[in-house]
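Novice: Dumping the structure here so I can ask a few things about it.
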């Protein structure tokens, strides 16, 4: 908060016209005023004041009263003035803080001074006659030393599919090792430290790297990583479209104005992990999911009860200011891609029904990778007490006990917030997929639908990331590979996600016949949008086969003179370690079977390996133990 204090012989103001839509109702404060011997406090409320307004107001009021006493003023006038800083608080917050300041000054000194406040958000004319003594013109800058934090008291339970309720401590002996790890971390505060995570090595091996010229927690995506990011994004959309409800796909911006009340209120609920910036005198927040953009669109739609349920999907360019010491490749990032799906439902009961389809997809996609989810249900106290039957229905669908965290009602926008955790190869619970039942944001953003009686209602909004963020899904894929190797299997990634799906290796790259055969096979595969390349480098066959294995290519096909004569290729299949001689059409069928139900994304690399520069990240030898 910045203030300019003028000790005035005379001060007169009159409101002229509204300056902003959020202007204060002048019926509540004086629309005009005339004062003699007044300390006029020209006051700018800044964005930083909103983190702990109580401390700022108390500090400012105490100082203002002391100054008024020193100069011998008869009246203190709090006068909103937006010109002392470029970093303004949102209007609705500034208005509240100015009212708090007026009340605090009255509380401290109503027996000594008259206290008045001019209306906020108006253009005003004023006349000022300054005394001109040494203390008649002063400026002050008030800042909270601490950020106000409200400690949220939580209760923890374990709820079984049979409806039994346990304390976390009671259930530990019954829990599987993986669920025990979830309970210990989430409910008992036990952290696993000092364990090197082999998944980080795989992320780096496939070209997921930190960008040293950016902020902490920002990644760059090399060609292999870029392909994987694009493929997972396409797959997330395929899953959204597979739902039995209509889903719209949209795109939007990545920053929103905190001066807008719904944006500010939603951000305040999110907490202190916001990326904020100032531009053109505006205080902006980088979005942390797709909520702002999708809700801004949905508020403009004309919605009937017949339109619901209705989904909206976007891959949101998302930003969260995670602590620099906690960022982890592909998992905890400051900038990431979130395939965010929001579904409008008519009621919480309808949302529970819709969630059945979501839960099936969430569990199925983890199981495809050989992973198992363990659920943490964050619920409000009123939902826990009054709608436990609905909660039990959700837990029964998961098919295993769930950890329940009960929060006081009314502090968040959701009544149910479900986190699905895997326990990774380092023994740490990792949240991947999620869904929530949101009962607050429809009203906050003005999203309405009309029922069969032509009455308006606010829908319940389901938030879900069916496979988590794109990077976290890839983390889960790599973690599954680490677990494979520990079981004695050859680690692999699914064919649809492999940057190169087939590599053709002529035994003699100088042989026109072998190279021609490889090119014909490549053309056949490419016509079906299969990612294939040809290793035509003048290196030994053994070296080129090892390089292909280092890239975890699912199908490595060697072509020699015999293959040219017989019209075949000699294929090594990574997943099974089988080696087979097949016709090109048979190889095509093998790959197409792997790709059934998955996206086809064009390669991010040249067809010929000889045309690549040296990709340093591929040269790394990775031991997963």
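Cβ atoms are placed via backbone N, Cα and C, with glycine included.
Here Swiss-Prot flags 1-149 as region 'Editing domain', drawing on sequence analysis. The region 'Catalytic' annotation in Swiss-Prot covers 197-494, 198-494. As annotated by Swiss-Prot, Zn(2+) binding site applies to 291, 342, 463, with the evidence given as sequence analysis.
I would like each feature placed in context: is it buried or exposed, what are its neighbours, and how far apart are things?
Specialist: Across the residues of the region 'Editing domain' (1-149), the predicted structure has a mean pLDDT of 92.
Residue 342 (Zn(2+) binding site) falls within a strand segment according to DSSP. Taking a C-beta cut-off of under 8 angstroms and a sequence separation of 6 or more, residue 342 (Zn(2+) binding site) has the following same-chain neighbours: 290, 291, 294, 295, 298, 311, 312, 313, 461, 462, 463, 464.
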Novice: Can you give me the residues near the recorded Zn(2+) site, meaning same chain, not 291, 342, 463 themselves, Cβ no more than 8 Å from the center of the site's Cβ atoms?
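Specialist: Once 291, 342, 463 are set aside, the remaining close residues are 289, 290, 294, 295, 340, 341, 436, 438, 441, 461, 462, 464.
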Novice: Can you check what DSSP calls residue 291 (Zn(2+) binding site), collapsed to helix, strand or coil?
Specialist: helix
